[in-house]
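What follows is a short report on a single structure.
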Amino acid sequence: MKDFTKTLCLLSLFQLNFAAETPTNLVQGDITTIWTPAYRDLQRIRLRLNNRHTFVFKVKACSEAHIYLFEYFPGGPLYEVHLGLGVQDNTWSFLDVYKREGSAITEQTKKDVNSPGIIDCSDYRTFWISWRHEEFAVGQGPIRNEQLLMTTTLPRYPKDYRFEVVEAVLTTMYGNTGLWQVQEGMAHSLRLFTPSSPFNMRYNYIWKTVERRDGFFAFRVRSCQDAHISLALNQGERDYEVVLGSYYNTKFSLRKYRGRYVQKDVVNQNGVVHCIDFRAFWISWRNGTISVGRGSVYGRNTEVELYDKDFRGVSVLGFTQFAVDADWFFDEELYSEYNFIVDSQNNNNRKNQRVVISRQYHISFRVQTCEGAEIMLIPEITKPETSYFVLIGESENSITSIINPAGQNAQAQTSKILNCDHDRPFWISWWNGTLRVGRSSLPYLNEIVNMKIPKDLRFNVAIFNTKVNKHWGSFWRMKRTDVEAVYFRTEKAKGYNYAWLKDNDAYWQIFNVKSCNGAKLLLAADVQVKQRSYEIIIDNNGNELVIKEPVGDDGLIIERENTGKLLDCDNIRTFWVSWLDGYIKVGLGDRFNQNMKIATKQIKPHPVAALGFSSNNGTTGHWYLIGERADVVSMQAPFNNENEDKWIRFLYRNDRVFFSLSACDSVDLTLSNKFRQTDPYAIRIKITKNKATLEGLGQLSGEGANQDKPNLISCDTRNFYVAWNNGKFRFGKGLHISDFDDDGIVEKVFSKNLQFEALSFRSSATTGQDKDRPTLMFRDPFPAEITYNTLPTYSYDQLWITTKYRRGIFFSVKACADVSIILSAVLHSREPSYSYEIRLGLRNDESFIVGRQWAGRLATARTPGILSCTQERTFWVSWINGNIAIGQGLELGRGVILSFVDLKPFRVNAAGFTTGSGQKGNLRLMLYNDFKGGKGNSDSGNGMTGGQKAGLAIGFLIAIAIFCGFVFVIFRPPEQLQRFMEAPPSSEIREAPAGPSQETESEPKPKKRLAAPPPQSFSNPIADDPSLAPKIVDKSVPPEIVTEPTYPEKMEKKSKDKDKYKEKPKDESKASMSFDNVLFNDMKGTKEVDV
């Protein structure tokens, strides 16, 4: 009995080790796998994480997996976060935060936890780390706040300070190699290092799956020669190989290894790759043809091709290097972007395109041109004389300058800052009375020149142009999330050489156009690619809608409909286009599958990732596209007798709102000073078919105005704005105030300085059918909270929200039963192949998930009493990495009710909400962090939550551990279990996976470690080499911090560092990269060129 008790205790203690994760937690989708050596290397894996708050990753290592997080905050303190997993022979983990003022460490917080077996030599383990404001947390699994390991906070968190992680560095050390996996979209970009490889050319450093790439991949590389890329069906194989800069950087080489060996070489005497500059290349493997080209645009600047009649596919790419080192740069963004082509020979370029930027203090972009890139910044579109100009690379690409309205300028010498063949990143900011220009993809880094401006000056519009006419022009790129809207004009039948919208993960788009006829749209695989695409012509020959493939001179028409006149010479018309599941569809309005005018099904559809815009010969098109800076909310209005308003609360107080409206009858729109009430004051806008009326409420009662306007609203979509400033209130028709086709309808100066934080919406009609309810699509500003009383009809037309850049959403609901949520690839779509449906509390007894194609229930759970007729209950829904889950409470990943993993998920771009037939519900969506919610897990009526069950299990194990401790004091373990008590022998280097063969000494290990010490000196980790940028005249800018040495070369005496954990690199040339060079400086000592 005594031995049995001791055996039970030992086995119970072993259960405290962290077991391998279950298959349901595996991360799906394209991933990058990177090998790290057995010593600390702070240059091998670098990820840009700015504007992120969570990072999910996988690691396979025997011990000592480390992550460093670095931030950058102009003029403020710097914080550094260090996470160690499985340290000291995989027995415990820590999370440390250091605060630095200049080069000194002023504060630090440390947190550690016993975690035996948390990582493994042979299995990948998934972890997450999150940061928001002053709080940091680490846990296991792919979902934030699930399986929490430890938390900590910033030391002495300053008031109003915003912690922003800019880059992360991944490494292993102390004789342990590792493999890391990062899913696409987790970081903005990956910058990876491959050392020179031996002659056997082992592809063991970097592998990237490309199953979602649709036969195309673009990247950047910096090397002196011989950058190798393997294309294979399976990792570890080499079916094809691309060599950039073979034969001493003089050739492009393409080799076929599977079957009969074939090699094709193309000579390039100008040098293929470059030792200092990152150069862009693309690879394609579509239809059995392997193609390689320069730049990042598919099909453009093709250098070498090889056709394989026995082609079996490509699923993974490998990257390595021969003879010299290489830096690789992968863009991991899932954001869409705008592309503009500016013709230098057109004197009206400033009239051809505009970008609205009124709600921010900076703009980022990339530009490719030989010299003379011009940006015109306009405070008010009606006063161009108040504009500022930024000129990049003028005077034969040697000077960058800022010119104010008085003609004064500030300039800096910037030799060869632009490139004819490759785009370069830049930013412009106008925060706090200084206009700054810099060269980087991150604002406030690598500043070039600045100028003082009025402190309250804000720019609303930017116009991009090419100043020098002797070159071909310029090519501009910017993220769609960085701008509110864009305008461009197409004319002169120049083909698709005006503007493009690129989005790899979209299935449809909305666009607005004003034209007399012949508006043309190209659905293509990439920007400026016309092969294997679809061309759509609206009002072709005046009354036709045509879909054709651009084959030959005239193209092959595949579908044609006589739709009558759709365009208007004087008014903007809104259209939608989709290519979901092989169907090419076009409709009028902004709702998917409504007012559809043409559709065709393609058996073998062409890939669509970009849209080009043009016009027929002899016509001019005015195009308007809305940005993606905020979520789009779509809601149906209640009728007047239903006494229920729908409310939207703004994230911050604004001076304008934008929305589109489709209404066959009159509607009432109310802007209020307080959410869900009209006190102390509000303004109601009554919109009828031919009139707009302003009516003051509360303290503004008796004030108002009205104006007649024919054809003001329509069953089709119309765009409107409302603006207020210093008491002046204005309601207008158009996509944006003070720009584009601004059409002010009615305005009034009220007696108060107006401030509004919420909007409500209802139909003026007393009754009607559900299909006749007006629909409002709220686009800007950022919605923070939505309240909606659902109708007793099972209909997903009621409430939708876009979720393209979200991984989950919180909501609370008060309903007796049957709440339904649909997760879809397209707003307003229930296409079975691209949607999941979650039914919560059916008959208030069970909940389930219905999968794609509506092929039955994928997950079911008994949930008696999960909803309440009288109490508000709070829930969350998430779709991270194909893991569709719903749970209770205010922490994503906690209190899981249902979950299901889709091995081939689509991107969830929208979510819709409804209640079942005969059920009404009060629904509240919270879109930002001020969510307080209703009753959470504790009042669900559904027994214990997942967190409570986990707490009970952990408490039980702790009780066993205490009991075991008592047993061990009294009894010695039996001899047959003695081997479990002895530490296993450790080798010098423990290989987690197969990695490059490499002779290296083991780093000395400390005997004991409480937390990793910070470096003894420090300089800004993400500041570039000061020699790259000109001196800054503005004295208010913090001076460059002088580089100082980092970790000491030798370990302290053992008697002094018993309780310290010092990191001593094996080799200074390989491991001890100084912290000021960790992030943006070149590891080879050459000057950094920002990618």
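Yeah, the Cβs are placed from backbone N, Cα and C, and that goes for glycine too.
In TrEMBL this protein carries:
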type	residues	note
SIGNAL	1-19	signal peptide
DOMAIN	39-153	domain 'Farnesoic acid O-methyl transferase'
DOMAIN	203-333	domain 'Farnesoic acid O-methyl transferase'
DOMAIN	337-473	domain 'Farnesoic acid O-methyl transferase'
DOMAIN	510-625	domain 'Farnesoic acid O-methyl transferase'
DOMAIN	806-921	domain 'Farnesoic acid O-methyl transferase'
TRANSMEM	950-971	transmembrane segment
REGION	982-1091	region 'Disordered'
COMPBIAS	1047-1070	compositional bias 'Basic and acidic residues'
Top partner of the domain 'Farnesoic acid O-methyl transferase' (806-921) among 39-153, 203-333, 337-473, 510-625 - counted as Cβ pairs under 8 Å: 39-153
Among 39-153, 203-333, 337-473, stretch most in contact with the domain 'Farnesoic acid O-methyl transferase' (510-625) (C-beta, under 8 angstroms): 203-333
Residues in the domain 'Farnesoic acid O-methyl transferase' (806-921) grouped by DSSP into helix, strand and remaining coil: 6 helix, 60 strand, 50 coil
Secondary structure composition of the domain 'Farnesoic acid O-methyl transferase' (203-333) [DSSP: H/G/I, E/B, coil]: 7 helix, 67 strand, 57 coil
Whole-number mean of pLDDT values that fall within the domain 'Farnesoic acid O-methyl transferase' (510-625): 89
Counts of helix, strand and coil residues, the domain 'Farnesoic acid O-methyl transferase' (510-625), according to DSSP: 3 helix, 60 strand, 53 coil
